[in-house]
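J.: Pasting a structure here, questions to come.
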């Protein structure tokens, strides 16, 4: 650049310096005090690509990991909001959520998030929170499984503690009636449609036998299988989940039609009394939710649209922004 052009550029900058300063202050204020937005990580433009590659690489080695990452995000957001607390290990001052009843020997994917975080740190040190990485990873898991995409706002901060008690109490259980599950969703700002839509995440993944074995042998003390469970499916499940304690950890597909493909087969299963979990099949017990199930079983694009909408809502539950919280250097521990 010659001297005249350099001087002209300098004069232009000086002429508009007040406008530039105001603009920068406005952006700074938005990023510091506002809600998550789509432009927070301007200094880390490769973030989505890094996360997508990390999820893709993990799925190449583990067919179950997509469902696990989606579930990990859900279990994080339902306990004190989306703050990455589910990722924290135990410390001297608090017990982490990993050992809560709904999580113990169940939630997984921690190493995947740690690996992605390490890659992000190399590209953008101390910039991107673990909870934002987990939120992105959940979306990429769905997309790479054939499901819909949705916009992920960023700028969440990581929490500095965990809540074992809340993890034991707030997370919906596969044995709970629909009313209880709906109440837990309502407590975090999600409605009945969100219950039906987010339950559709069970179109991918597996469940341990103990989560549904009560439906196979002695449902509610009757000595018989659950009458709302297809008899052919019940017979098949008894083979993989015999009525002995050592079978409790055996895995079965939540959707036996397309176990690893994100589609609307889950809802078709419910219509045919072939939902694996009692809490899933319970969606057919209420005329409000059964109507939604029927719609989603017929119109996959409707399910995809509503799933994307509900995932945006889920990802904005109780987020920490501004100067609160922190950006953890390692996802399993709070910065010193």
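Any Cβ shown, glycine's included, is placed from N, Cα and C.
Summarising the annotation, TrEMBL assigns domain 'Plant heme peroxidase family profile' to 33-335. What TrEMBL lists as disulfide bond is 44-124, 77-82, 130-331, 209-241. Taken from TrEMBL, the feature site 'Transition state stabilizer' applies to 71. Under the heading active site, proton acceptor, TrEMBL lists 75. If you look up TrEMBL, you'll see 76, 79, 81, 83, 85, 97 marked as Ca(2+) 1 binding site. Positions annotated as substrate binding site by TrEMBL: 172. Annotation comment: TrEMBL describes 202 as heme b binding site. According to TrEMBL, the Ca(2+) 2 binding site annotation covers 203, 255, 258, 263.
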J.: For residue 130 (disulfide bond), what residues in its own chain, 6 or more apart in sequence, show a Cβ-Cβ distance under 8 Å?
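T.: Those within reach of residue 130 (disulfide bond), by Cβ under 8 Å and sequence separation of 6 or more, are 84, 87, 113, 117, 158, 327, 328, 331.
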J.: Around the Ca(2+) 1 site formed by 76, 79, 81, 83, 85, 97, which additional residues qualify by having Cβ within 8 Å of the site's Cβ center?
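T.: Result: 75, 77, 78, 80, 82, 84, 86, 159, 162, 163, 166, 167.
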J.: Just to verify: the residue among 85, 203, 258 with the fewest other Cβ atoms within 10 Å, which of the binding-site residues is it?
T.: 258
J.: Over all shown protein chains, what is the count of other CB atoms within 10 A of the CB belonging to residue 44 (disulfide bond)?
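T.: Total other Cβ atoms inside 10 Å, all chains included: 17.
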J.: Least buried of the disulfide-bonded residues 124, 209, going by other Cβ atoms within 10 Å?
T.: 124
J.: Which chain neighbours of the Ca(2+) 2 site, leaving out 203, 255, 258, 263, have a Cβ atom within 8 Å of the mean position of the site's Cβ atoms?
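T.: After dropping the recorded site residues, what remains is 204, 257, 259, 261, 262, 264, 265, 266.
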J.: Using C-alpha atoms only, work out the spacing between residue 97 (Ca(2+) 1 binding site) and residue 75 (active site, proton acceptor) and round it to an integer in Å.
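T.: Distance between the two Cα atoms comes out at 9 Å.
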J.: Where the distance is taken from Cα to Cα, which of the disulfide-bonded residues 77, 82, 241 turns out closest to residue 255 (Ca(2+) 2 binding site)?
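T.: So, of the listed disulfide-bonded residues, the one sitting closest to residue 255 (Ca(2+) 2 binding site) is 241.
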J.: Let me know how many other Cβ atoms fall within 10 Å of the Cβ of residue 83 (Ca(2+) 1 binding site).
T.: 28
J.: Hey, how far is residue 83 (Ca(2+) 1 binding site) from the residue listed as 'heme b binding site', Cα to Cα, in Å?
T.: 23
J.: Inside 10 Å of the Cβ of residue 331 (disulfide bond), count up the other Cβ atoms and send me the figure.
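T.: Excluding its own Cβ, the number within 10 Å is 22.
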J.: May I ask which of the recorded positions 44, 85, 202 is closest to residue 209 (disulfide bond) if we compare their C-alpha atoms?
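T.: If we rank 44, 85, 202 by Cα distance to residue 209 (disulfide bond), first place goes to 202.
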J.: For residue 76 (Ca(2+) 1 binding site), find which of the recorded positions 82, 202, 203, 258 come within 10 Å, Cα to Cα.
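T.: Near residue 76 (Ca(2+) 1 binding site), where near means Cα within 10 Å, the recorded positions are 82.
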J.: Give me the CA-CA distance between residue 85 (Ca(2+) 1 binding site) and residue 77 (disulfide bond), in Å, as a whole number.
T.: 9
J.: May I ask for the distance between residue 77 (disulfide bond) and residue 172 (substrate binding site), taken between their Cα atoms and rounded to an integer number of Å?
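T.: So the Cα of residue 172 (substrate binding site) lies 12 Å away from that of residue 77 (disulfide bond).
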